[in-house]
């Protein structure tokens, strides 16, 4: 029932968008220094990091826009396969925000075991919520039924991937750091030394993903689908290749089919809008007469292997959060964030230029670098406007949306609010409010 929307990660510390955390700090409390009369680029005052909420709120709105308008404007909808569009930046932005938030949530961890327990509990709640919302339990806004066959429930999804990334990065922040919280001082080299073990985890994830994606042999495989007339159709996909990054023969899909089971994967993959699978490409449409067999196969864009790189995005966000936590001057923070983000952006485009294509469905290395670098630069710009020059009032609505991101995702992006409204009708289910406003007719 849920759209292909990307989750607004509103759980900064794993609990609420603005609640307390293990260290007794708000998720966006800036370490103090200076006074209220300090120059704009001098030390930040002790206040909430409003730019993080604004960034999250803007991304939530962007998520809703690309979901609702993407069908009319394919140019902003998710790329059918290689390449990136506006919609493809939404999910990495949220992962990045989760990482930044965790740097504040675990700024002080007096009891590592207790913090680990809380992180595990919050991860479980988020994962289970994802199963309910995106596993097929709720149906479309046109259908007043609910329920899902456990044998066919979708196991992975937006919230499930967020949960995996959150737990991994939270454990890194809880257990893999050294030194006191105020021993960094000026210069990024000390920051790198302190968090070198976290960076090593990111490197291991990246190397593992790359080795499996390009090194695993993908044999021929077959699947069966039930047509609209309930006929069971069998298909064979010819592969027998290694290192292929096309829709039908990549290692990402193969691992999911073997580990999760093909019946638990997403049944409306984005590659249905490719020219090979739609006569109306880049829009959805009937299959061409010569379409490849894999066009009708399930594929999960939030699969297991690609979640490794999604976790890397969250880890990079964590390191940007460390910059905000440890550097005291606005200028230092902006310079460090901008240099890191710009470097990632350039690296990502170079990788794409040399053949490692930008691809959201595979969550490729180049895609990780470009989207995370863009997130860092966007965050730096918002930080400059909101926390340095205090244009907070102009963006107060985005800040409110950012503080209630999870609620908005559940009610709007997952269609829960329209489904609830659709449930109240006059004599016939078709006579409901949604029909009159042009949504559920």
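FYI, residue positions are counted from 1 along the chain as it appears here.
Just so it is clear, glycine is given a Cβ too, placed from its N, Cα and C backbone atoms.
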TrEMBL annotation of transmembrane segment - which of the ranges 8-28, 29-49, 197-217 it falls on: 197-217
Intrachain residues whose Cβ lies under 8 Å of the transmembrane segment (362-386), provided they are six or more past its termini: 49-52, 54-55, 58, 84, 88-89, 92-93, 96-97, 100, 206, 209-210, 213, 245, 250, 252, 306-310, 312-313, 316-317, 320, 330, 333-334, 337-338, 340-349, 351-352, 356, 392, 395
Which of 89-106, 158-176, 337-356, 406-426 contacts the transmembrane segment (197-217) most, counting Cβ pairs under 8 Å: 158-176
Secondary structure content of the domain 'Heparan-alpha-glucosaminide N-acetyltransferase catalytic' (48-170), with strand meaning DSSP E or B: 79 helix, 4 strand, 40 coil
